[in-house]
Amino acid sequence: MRRCCQGVGLPCLFKGVGMAGARPPLFLLVFDFDETIVDENSDDSVLRGRALPEPLRQSPRGGSYNEHMQRVLAFLGEQGVRPADFRAVYENIPLSPGMAELFQFLSKHHELFELVLISDANTFGVEAKLRAAGVRSLFRKVFSNPASVDRRGFLTLGPYHSHKCLQCPPNMCKRKILGEYLAERAREDVEFQRVFYVGDGANDFCPSGTLTAADVAFPRKGYPMHRLIQESQEKQPGAFQAAVVPWESA
């Protein structure tokens with residue numbers, strides 16, 4: 001049974017849907033991956049139980065985390081950890097509470113929603129988990145840092161792109177990715193009635209700041225994205241335009 005949208009402070013999103021001859025609205029649903037779709041940081045999952053030398057134990061405070069993980073993966077490859085080992089870890093990371101039920105709902109109403117994933121993890125891990133969960137086909141696009149297997153059989157990682165955003169890590173600005181995607185779909189004559197953004201991290205705050213009053217930000221309750229939205233609303237009331245619905249269960 002569908003939960004009324006007004007129960008979470010939103011206007012009805014389904015009004016008129018299913019009426020004969022009516023064209024259903026199209027919603028863009030944007031997901032983060034780590035601690036959003038899955039209930040852990042996938043980098044932490046990969047490293048759990050593995051011994052690292054002192055220089056690799058702590059992620060850099062001022063440097064690039066993406067470059068740090070490149071070095072970590074190279075070290076693990078030298079220690080005999082193979083892509084199949086990584087894949088098994090990714091496939092077994094638990095989904096966040098309620099996420100399986102949300103995907104079931106989205107599968108039943110696939111004509112209403114277009115799904116994309118924007119993650120600062122890596123394509124190898126994200127794709128492995130989505131396929132293991134049986135939900136890869138729900139996503140039109142997956143944007144993440146490129147990862148592949150080199151000639152040595154090592155899993156390697158690269159940056160997604162370069163950008164000029166001062167808020168985001170040097171390898172990925174989710175605002176830029178989302179903006180380019182919306183522009184691409186507009187050129188293809190696809191207009192969304194609403195954009196829903198589901199995330200948890202500080203790098204999810206940047207793109208959610210571009211949402212309009214028609215859109216909805218779904219920050220995971222108590223996580224950095226949620227705190228940053230609250231702080232922005234306190235400092236500049238009305239500057240954050242989207243409706244905000246914190247979540248504990250997807």
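Note: Cβ is positioned from N, Cα and C throughout, glycine not excepted.
Bear in mind that the values here come from a model prediction, so they are computed numbers and not experimental data.
According to TrEMBL, the feature active site, nucleophile maps to Asp32.
Per TrEMBL, Mg(2+) binding site is recorded for Asp32, Asp34, Asp200. Within the same chain, residues at least six positions away from Asp34 (Mg(2+) binding site) with a Cβ under 8 Å of its Cβ are Glu40, Asn41, Ser42, Asp43, Ser119, Asp120, Ala121, Asp200, Gly201.
If you look up TrEMBL, you'll see Asp34 marked as active site, proton donor.
Positions annotated as substrate binding site by TrEMBL: Asp43, Asp120.
Take the mean position of the Cβ atoms of Asp32, Asp34, Asp200, the recorded Mg(2+) site; other residues of that chain with a Cβ within 8 Å of it are Phe33, Glu35, Thr36, Ile37, Ser119, Gly199, Gly201, Asp204, Arg220, Tyr223. In this structure, Asp43 is the one among the recorded positions Asp32, Asp43, Asp120, Asp200 with the smallest number of other Cβ atoms inside 10 Å of its Cβ.
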